[in-house]
Ligand SMILES: Cc1cc2nc3c(=O)[nH]c(=O)nc-3n(C[C@H](O)[C@H](O)[C@H](O)COP(=O)(O)OP(=O)(O)OC[C@H]3O[C@@H](n4cnc5c(N)ncnc54)[C@H](O)[C@@H]3O)c2cc1C
Ligand SMILES: NC(=O)c1ccc[n+]([C@@H]2O[C@H](COP(=O)([O-])OP(=O)(O)OC[C@H]3O[C@@H](n4cnc5c(N)ncnc54)[C@H](O)[C@@H]3O)[C@@H](O)[C@H]2O)c1
């Protein structure tokens with residue numbers, strides 16, 4: 001007799017839920033899915049959903065605060081933090097009751113098992129449930145166990161209550177002031193949200209800019225915007241010690257001391273692979289995750305690892321979801337489906353900062369200085385941005401040998417408009433061709449068309465100049 005299951009999925013977050021939907025709902029495989037907490041994972045409970053919900057409330061507060069700019073009487077908004085926090089829980093509840101409800105997966109034919117899984121054989125997963133241990137025999141195992149916040153070993157950190165993305169959203173209300181250690185996307189989004197909601201916030205980042213993986217010029221401008229909104233941004237500053245004091249927490253840094261009621265740490269992640277037992281079967285694991293190739297295969301042919309649990313993979317919901325479906329395709333329809341060539345991302349501040357492909361510096365390093373051209377559109381010259389009063393930002397397009405290899409936007413809705421440029425990178429489109437698409441006026445994205453139009457005008461001019469010279473000298 002063969003194994004009971006075609007596929008056992010460990011972890012029902014961004015990767016696991018999509019894999020279950022595809023494997024059971026679309027392909028009709030016999031699937032078991034093990035989850036030790038509520039379905040939805042980091043994205044629903046501690047990540048994307050609560051942070052974006054918070055940012056939405058913060059945007060409203062900011063609009064009220066700055067309404068005068070639009071000829072409407074505004075003023076300092078009265079923010080009910082309990083209600084703001086309750087709203088995030090409400091939105092989470094709506095998703096948990098619909099898209100991420102266990103019964104939705106059961107209706108697809110998935111055996112949803114509540115418990116903690118371990119890999120106990122090449123084709124076996126053991127689950128510890130409230131009722132005892134259950135052994136699942138399976139042809140394939142897909143591990144999507146996610147990651148958790150890494151709390152750095154700063155002197156004294158164990159002596160204070162540390163907030164992270166895991167517990168911030170479970171509070172009834174946030175502290176009255178915050179120091180954040182780390183200036184990656186988590187702290188950057190939360191710092192703007194907090195300050196707009198009236199919670200004084202200091203950000204301590206050891207690098208010279210926020211979101212250091214993004215296009216430096218745009219990251220610097222975002223930092224400037226956050227400063228103007230009131231974030232006490234301390235760049236090139238490292239937290240060295242933490243202690244109780246001043247009715248809260250004192251953070252000692254290389255640039256002085258900072259005090260607040262609460263301390264939030266967002267200094268990166270640790271993959272949830274340490275106690276899975278993967279290493280016993282020859283799969284190397286570390287804090288970065290389990291070793292996988294570009295198709296998320298481990299050294300064990302029937303065990304795949306995707307999402308935040310995989311080492312050196314982009315840590316985003318969309319990346320986990322794409323890789324999870326690709327892994328199932330690979331298991332049951334080998335060779336079908338493409339690994340993600342390009343994973344764009346966006347930091348959902350206001351304005352948003354979106355990223356696809358190479359930064360200008362990365363392009364120069366890869367393609368050579370003289371083969372790289374950087375094109376830009378300033379929102380200050382964009383009619384829609386003028387009308388909306390959102391002229392702070394730019395769209396930057398990086399081309400190498402006339403093909404687009406990178407795109408970066410600091411703009412309202414940058415996370416939406418970056419897709420067009422990501423597609424251009426994916427299919428090797430040239431900057432000239434951007435103007436082949438008639439862009440809707442007035443949109444921010446029309447700036448992309450303008451980059452293309454200016455470029456083809458430029459190319460045409462150069463072409464005509466060369467033709468003229470060759471007529472004269474040829
Ligand atoms: C504050 C914050 C904001 C974010 N914002 C964004 C955003 O805007 N956009 C974006 O794309 N990404 C965002 N992310 C990142 C995103 O949340 C993660 O990249 C994504 O959720 C990873 O998906 P995953 O499937 O790998 O893991 P998860 O979705 O975390 O799922 C892992 C699941 O596995 C379960 N599990 C773990 N171990 C076991 C075990 N042994 N047995 C059974 N179950 C187990 C866990 O309980 C969990 O449910 C954000 C993250 C944070 C923290
Ligand atoms: N909008 C989004 O897509 C989004 C939003 C939030 C998080 N995420 C995902 O979650 C991941 C984790 O985010 P994150 O912000 O925790 O991590 P991160 O690794 O991206 O950033 C951590 C930052 O902390 C700094 N740091 C580390 N130790 C420090 C110290 N002792 N003192 C001062 N600074 C220190 C680092 O220089 C770094 O910039 C991200 O990489 C991203 O993949 C995505």
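Each residue, glycine too, has its Cβ placed from N, Cα and C.
Automatic prediction, not curation, is the source of TrEMBL annotations.
Note that the coordinates shown come from a computational prediction; the quantities given were computed from them, not determined experimentally.
Database features, via TrEMBL:
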type	residues	note
BINDING	52, 145, 146, 147, 308	FAD binding site
BINDING	182, 183, 184, 185, 186, 187, 188, 189, 205, 268	NAD(+) binding site
DISULFID	43-48	disulfide bond
DOMAIN	5-323	domain 'FAD/NAD(P)-binding'
DOMAIN	343-446	domain 'Pyridine nucleotide-disulphide oxidoreductase dimerisation'
Cα-Cα distance maximum in Å, computed over every pair in 52, 145, 146, 147, 308 that the record assigns to FAD:
22
Candidates near ligand 2 among the binding-site residues 145, 184, 188, judged by a Cβ under 6 angstroms:
184
So if I take the recorded positions (43, 184, 205) and measure from each Cβ to the nearest atom of ligand 1, which come out below 6 Å?
43
Surrounding CB atoms that lie within 10 Å of the CB of residue 146 (FAD binding site), all protein chains:
27
Site extent for NAD(+), whole Å (max Cα pair distance, 182, 183, 184, 185, 186, 187, 188, 189, 205, 268):
14
Counting every protein chain present, what is the number of Cβ atoms, excluding its own, within 10 Å of the Cβ of residue 145 (FAD binding site)?
32
Residue 184 (NAD(+) binding site) and residue 52 (FAD binding site), Cα-Cα, nearest whole angstrom:
16
Can you tell which of the recorded positions 43, 48, 145, 308 lies nearest to residue 188 (NAD(+) binding site) in space, using Cα positions?
48
Mind tallying the domain 'Pyridine nucleotide-disulphide oxidoreductase dimerisation' (343-446) by DSSP state, helix then strand then coil?
39 helix, 33 strand, 32 coil
CB contacts for residue 147 (FAD binding site) [other CB atoms within 10 A, all chains]:
22
